[in-house]
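Here is the structure we will look at.
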Amino acid sequence: MAPSMKEIFSKDNFKKNKKLVLLSAAVALLFVAAVAGISAGASKANEKRTLSPSSHAVLRSSCSSTRYPELCISAVVTAGGVELTSQKDVIEASVNLTITAVEHNYFTVKKLIKKRKGLTPREKTALHDCLETIDETLDELHETVEDLHLYPTKKTLREHAGDLKTLISSAITNQETCLDGFSHDDADKQVRKALLKGQIHVEHMCSNALAMIKNMTDTDIANFEQKAKITSNNRKLKEENQETTVAVDIAGAGELDSEGWPTWLSAGDRRLLQGSGVKADATVAADGSGTFKTVAAAVAAAPENSNKRYVIHIKAGVYRENVEVAKKKKNIMFMGDGRTRTIITGSRNVVDGSTTFHSATVAAVGERFLARDITFQNTAGPSKHQAVALRVGSDFSAFYNCDMLAYQDTLYVHSNRQFFVKCLIAGTVDFIFGNAAVVLQDCDIHARRPNSGQKNMVTAQGRTDPNQNTGIVIQKCRIGATSDLQSVKGSFPTYLGRPWKEYSQTVIMQSAISDVIRPEGWSEWTGTFALNTLTYREYSNTGAGAGTANRVKWRGFKVITAAAEAQKYTAGQFIGGGGWLSSTGFPFSLGL
């Protein structure tokens with residue numbers, strides 16, 4: 001019996017043998033098309049079963065919360081053949097239809113690679129970037145369906161909400177990333193035009209799923225908390241009536257042991273923090289004294305889809321290579337010998353033919369990636385435009401005591417949940433950018449001297465949908481200038497950021513801001529684009545550049561005055577850090 005499309009593109013089969021799966025899918029699609037052509041109009045008995053009135057009602061109610069309700073309804077109605085009894089059913093049906101659309105986009109890209117004449121090297125690279133982001137999108141959507149099957153029983157409601165929103169937010173980001181690869185010149189834009197319709201369709205389908213997920217989880221959380229509040233009040237009233245005093249010990253959450261470590265930190269995590277006594281699974285040394293001579297070789301030899309931490313010790317030295325920690329390389333840790341001693345460096349850049357996405361010296365995608373005591377560097381100068389030192393799409397990733405050094409687009413916080421602590425990030429234009437949910441704590445963020453006529457932008461956040469749980473949070477950091485900029489800072493305007501995408505979200509809080517930052521604080525991208533839809537916030541900052549009296553007057557900018565409002569941007573809430581940061585072994589703060 002011929003396999004069904006669902007079987008062909010099941011998560012397990014897709015991951016086991018992607019090329020075989022996609023070939024089988026192509027054959028299956030041709031077979032289905034042939035059968036459809038023969039049987040068209042033969043009998044009404046073969047038509048898709050229409051939705052029942054009750055399913056229609058559920059569908060319309062669920063789609064009412066989306067940004068594209070007509071698409072939301074028509075996609076499911078056209079597919080037919082499903083019984084919808086809840087909003088979760090509608091979300092699952094919508095996501096499954098989105099998977100089919102993503103599969104179609106895959107074949108569109110493959111066809112362009114094979115048949116399009118005269119593709120430039122960068123266009124070929126951009127198309128392969130699209131294949132990579134399509135691969136990631138398929139994984140994310142399959143995982144979304146699996147998580148929906150478990151909802152709401154296997155995790156807390158907030159964990160479910162965080163995971164589901166992150167998966168779909170990342171899927172949306174991937175569509176934008178594919179298209180962004182064709183934005184460098186006019187020739188690129190012709191290829192972009194061939195992809196645009198399919199990519200935008202998937203992005204809109206994902207947007208609808210995200211809106212429904214947000215509506216469902218927000219409602220369920222509110223109902224749960226209301227019930228918990230009533231239960232708590234009833235218990236309190238009963239205790240007061242009985243004149244009973246209940247003592248609750250919460251001090252343990254912040255207790256320290258005799259050596260000054262938090263009591264909840266395991267011995268293994270303490271060793272990671274101390275940076276000594278950690279057993280490496282592989283050692284990289286340029287002089288041949290380790291297991292491998294290159295970082296890329298060590299990563300290639302690491303196990304795939306591992307649930308156990310795999311530590312790669314990178315000895316002191318300069319490693320001139322480009323490294324990718326792919327999606328299947330999970331739980332990898334890079335441990336250097338010091339941020340000034342272990343350096344991974346490259347020079348890929350847009351001017352010389354790369355895409356921004358592909359220019360990264362190091363790209364970390366496999367989930368739970370950790371790095372400490374390393375410098376990630378791109379030596380392409382300011383004249384080479386976009387040249388990324390580090391790109392991160394790894395969920396639950398963290399970086400401690402690392403340097404990210406480049407000029408334009410230094411740190412690409414691409415997608416998923418990320419954390420940086422005690423790091424140095426230096427650059428010029430948009431040097432912290434992307435659409436992850438990321439918190440940077442206790443970091444030094446330094447603008448460098450750019451080319452003549454350029455302006456420095458610390459951030460360029462890329463949120464494209466108001467329901468994405470993404471943004472850049474800079475907390476308890478120091479924002480200043482490198483020595484080469486400090487003496488000429490008046491000649492090179494420097495800003496906290498500008499809106500790369502329509503719903504750009506950036507928060508600067510509890511940080512020291514030097515006078516390198518101009519009084520208006522923030523800059524436009526172009527004209528009035530995104531000024532009413534962005535979310536830019538400042539809270540409790542200090543320093544000569546922290547004054548807000550002369551800040552921009554955009555509708556999307558606001559100075560936060562209440563701690564309760566700032567709390568939602570902390571590591572505990574914004575990236576759900578309470579559930580995973582302790583496992584990194586790195587220092588962190590969950591609150592203000």
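Glycine residues also receive a Cβ, built from the backbone N, Cα and C atoms like all the rest.
Marked as signal peptide by Swiss-Prot: 1-35. The region 'Pectinesterase inhibitor 3' feature in Swiss-Prot is assigned to 53-212. For N96, N215, the entry in Swiss-Prot reads N-linked glycosylation site, with the evidence type sequence analysis. Residues annotated as region 'Pectinesterase 3' in Swiss-Prot: 281-578. Residues or ranges marked as site 'Transition state stabilizer' in Swiss-Prot (evidence: similarity to another entry): Q408. The annotation active site, proton donor is assigned in Swiss-Prot to D409. Annotated disulfide bond per Swiss-Prot: C423-C443, in sequence order, evidence recorded as similarity to another entry. As annotated by Swiss-Prot, active site, nucleophile applies to D430, with the evidence given as similarity to another entry.
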Legend entry - Cβ neighbour count within 10 Å of D409 (active site, proton donor): 27
Inset, instruction - Rank the recorded positions N96, N215, Q408 by the number of other Cβ atoms within 10 Å of each Cβ and report the first-ranked residue. - result: Q408
Inset, instruction - Anything within 10 Å of the residue listed as 'active site, nucleophile'? Look among the recorded positions N96, N215, C423, C443, comparing CA atoms, and list what you find. - result: none
Legend entry - Integer mean pLDDT for the region 'Pectinesterase inhibitor 3' (53-212): 95
Inset, instruction - Fill in the CA-CA distance, N96 (N-linked glycosylation site) to the residue listed as 'active site, proton donor', as an integer in Å. - result: 35
Inset, instruction - Restricting to the same chain and to sequence separations of six or more, state which residues have a Cβ under 8 Å from that of C423 (disulfide bond). - result: F399, Y400, N401, C402, D403, M404, L440, C443, D444
Legend entry - D409 (active site, proton donor) versus N215 (N-linked glycosylation site) - Cα distance in angstrom: 34
Legend entry - Where N215 (N-linked glycosylation site) sits in the secondary structure, as DSSP reduces it to three classes: helix
